[in-house]
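Summarising the annotation, TrEMBL assigns domain 'L-asparaginase N-terminal' to A:3-155. Here TrEMBL flags A:T11 as active site, O-isoaspartyl threonine intermediate. The annotation substrate binding site is assigned in TrEMBL to A:S53, A:T82, A:D83. Here TrEMBL flags A:T82 as active site.
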Number of protein chains: 4
Amino acid sequence: MSLRIIATGGTFDKHYDEIAGQLDFGASHLPQVISRARITAEVILEELKLLDSLEMQDADRQRILACCQNSTQQAIVIVHGTDTMQLTAQVLGQALQDKTVVLTGAMIPYEIANSDALFNFGFACGVAQVLPPGVYVAMNGQIFAWNKVAKNRSAGVFEPIR
Amino acid sequence: MSLRIIATGGTFDKHYDEIAGQLDFGASHLPQVISRARITAEVILEELKLLDSLEMQDADRQRILACCQNSTQQAIVIVHGTDTMQLTAQVLGQALQDKTVVLTGAMIPYEIANSDALFNFGFACGVAQVLPPGVYVAMNGQIFAWNKVAKNRSAGVFEPIR
Amino acid sequence: MSLRIIATGGTFDKHYDEIAGQLDFGASHLPQVISRARITAEVILEELKLLDSLEMQDADRQRILACCQNSTQQAIVIVHGTDTMQLTAQVLGQALQDKTVVLTGAMIPYEIANSDALFNFGFACGVAQVLPPGVYVAMNGQIFAWNKVAKNRSAGVFEPIR
Amino acid sequence: MSLRIIATGGTFDKHYDEIAGQLDFGASHLPQVISRARITAEVILEELKLLDSLEMQDADRQRILACCQNSTQQAIVIVHGTDTMQLTAQVLGQALQDKTVVLTGAMIPYEIANSDALFNFGFACGVAQVLPPGVYVAMNGQIFAWNKVAKNRSAGVFEPIR
């Protein structure tokens with residue numbers, strides 16, 4: 001089965017800039033992550049502008065939606081910041097019916113010790129191949145429908161909402 | 001959704017013994033892996049004797065089967081050596097119909113740079129919650145039915161067989 | 001030979017706070033670093049308040065000086081932020097003659113991929129046992145006298161000054 | 001100060017071969033290690049055949065000696081297996097008087113979690129610039145003269161001998 005990965009930034013892909021002394025965005029880690037995963041199916045990586053999800057605007061979300069609509073792959077994984085993941089999920093969930101789109105991200109950047117990034121990415125790549133068409137958030141080892149999830153920021157976990 | 005993880009050893013869980021100067025088994029890495037994954041669903045970890053899968057006997061496979069049969073969780077992930085994963089999958093596949101069992105492992109131990117272990121584990125934890133009851137192998141970012149997979153040892157990848 | 005390690009913070013010891021989503025200070029990584037280094041000589045670790053070196057005040061530098069003066073070890077390694085390392089080195093260099101004090105730090109935090117922290121710490125632990133009494137900065141694989149060094153911030157390296 | 005690094009193999013440089021499923025030698029990690037260390041002095045890396053030090057023959061030790069004799073750098077670090085490090089140190093120690101040669105290695109390969117390799121390498125790069133001419137072993141955060149050291153294999157540490 002063929003997979004489309006869309007990189008949009010977020011904590012998952014932050015990079016430590018040693019001159020500025022802070023976390024920022026450089027090149028996406030996803031080419032390295034995909035190679036490390038030894039995926040033998042076809043994988044298409046599409047890199048959008050890498051953004052902290054708190055800085056995402058409507059236009060950025062529309063761009064992600066367009067990528068999903070134009071995708072020739074049925075199974076799509078979106079790597080996204082956690083803070084507004086549910087907002088992007090809502091934009092996509094209201095507009096997409098025919099593909100399986102799974103948003104994921106990380107609480108700790110891929111390049112920092114004890115990161116959940118690789119687990120979450122594996123989880124998302126798996127369920128994107130199996131779930132029925134629709135838009136989902138995959139975090140904390142769980143699958144949430146796009147309109148039934150919220151990030152609990154003080155606890156740092158995703159939770160179901162009614 | 002509640003998950004049962006069964007640790008059986010394999011490359012995934014090998015540990016470098018600095019006195020002996022070789023890879024061996026110590027304590028399983030899975031408690032650390034599960035904590036790192038920040039899974040908020042219930043996870044039950046069951047640790048069997050950690051073995052190189054080339055040293056697994058019939059009795060070891062029957063023990064794994066019994067663990068699956070006795071599991072009160074519907075979704076089961078088995079961390080297993082890659083060399084005989086397909087044999088264990090066959091033993092389980094012929095005997096189990098009512099649960100979703102996903103075998104996974106790693107080409108590079110969890111504690112070694114560039115390991116696929118965390119990706120594979122995430123992948124397996126995801127699909128175990130979504131696939132219909134049955135026994136599957138999840139490696140290389142793909143899902144294989146228990147009787148339709150073989151490891152290509154010279155290429156180091158899992159492939160479909162007819 | 002007995003070694004005193006003084007932890008003062010800096011990039012070396014920054015920790016990613018996954019709730020706040022930023023690098024901050026938690027517990028020092030130095031107990032783990034020292035254990036990893038398998039040092040068989042006596043090592044005394046003294047943890048001061050962990051600070052970004054841009055936030056260090058005179059009083060903080062006087063406290064570091066007092067630690068050095070009170071040290072019963074001849075060889076002292078100070079883990080320090082890089083941005084004001086040369087200022088602390090000057091305070092110490094003007095006041096200390098009888099011990100070998102080596103300041104070091106890191107351009108990338110210990111817990112982030114590709115960090116120079118462990119190399120720098122090893123380098124400093126070595127030269128602190130061999131250099132004659134005095135105060136030194138050890139960064140970029142080089143040893144600098146306390147009054148002959150400056151950080152080139154745009155290049156991110158330490159350079160000799162006359 | 002200019003440094004010569006001589007790679008000879010040993011645990012430090014072992015690499016996990018995922019097809020064979022065992023630790024072996026591939027390309028040396030030292031180019032990556034040197035780059036990670038951000039050394040601004042001149043560093044010359046000389047790669048000999050990478051060997052497990054238990055398999056080193058007299059001819060291999062003579063080749064290492066010749067590299068040291070031909071070195072235009074005064075300060076030399078040799079990355080070597082720990083099991084026969086003291087034997088190579090004796091060959092070099094009896095023949096070399098005019099350069100500072102420091103042998104080091106690792107108890108855990110560079111690419112495996114919790115490795116002491118980067119610490120040891122930093123330590124050796126430091127003391128090689130400061131110690132008087134002679135041949136030394138640097139392990140466990142200590143410096144040993146070439147004829148006053150032995151590896152305690154059951155404890156996995158280097159110890160002074162008389």
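Cβ atoms here come from the backbone N, Cα and C positions, even for glycine.
Features as recorded by TrEMBL, highlighted on the structure.
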| residue | record | Cβ within 10 Å |
| --- | --- | --- |
| A:T11 | active site, O-isoaspartyl threonine intermediate | 26 |
| A:S53 | substrate binding site | 21 |
| A:T82 | substrate binding site | 26 |
| A:D83 | substrate binding site | 18 |
Query: Roughly how many Å separate the Cα of A:D83 (substrate binding site) from that of the residue listed as 'active site, O-isoaspartyl threonine intermediate', to the nearest whole number?
result: 9
- request: Would you mind reading off the Cα separation of A:T82 (substrate binding site) from A:T11 (active site, O-isoaspartyl threonine intermediate), to the nearest angstrom?
  value: 7
- prompt: How far is it from A:S53 (substrate binding site) to the residue listed as 'active site, O-isoaspartyl threonine intermediate', counting Cα to Cα, in Å?
  reply: 9
- prompt: Inside 8 A of the center formed by the CB atoms of A:S53, A:T82, A:D83, which other residues of the chain have their CB, for the recorded substrate site?
  reply: A:G10, A:T11, A:D52, A:L54, A:H80, A:G81, A:T84, A:M85, A:G105, A:K151
Collapsed DSSP category at A:S53 (substrate binding site): helix
Message: In the three-state scheme derived from DSSP, which category covers the residue listed as 'active site, O-isoaspartyl threonine intermediate'?
response: helix
Query: So, in DSSP terms, is A:D83 (substrate binding site) helix, strand, or coil?
result: coil
- request: Looking only at the domain 'L-asparaginase N-terminal' (A:3-155), report the model's average pLDDT.
  value: 97
Task: Consider each pair of residues in A:S53, A:T82, A:D83, all listed by the record as binding substrate, and report the largest Cα separation in Å as a whole number.
output: 7
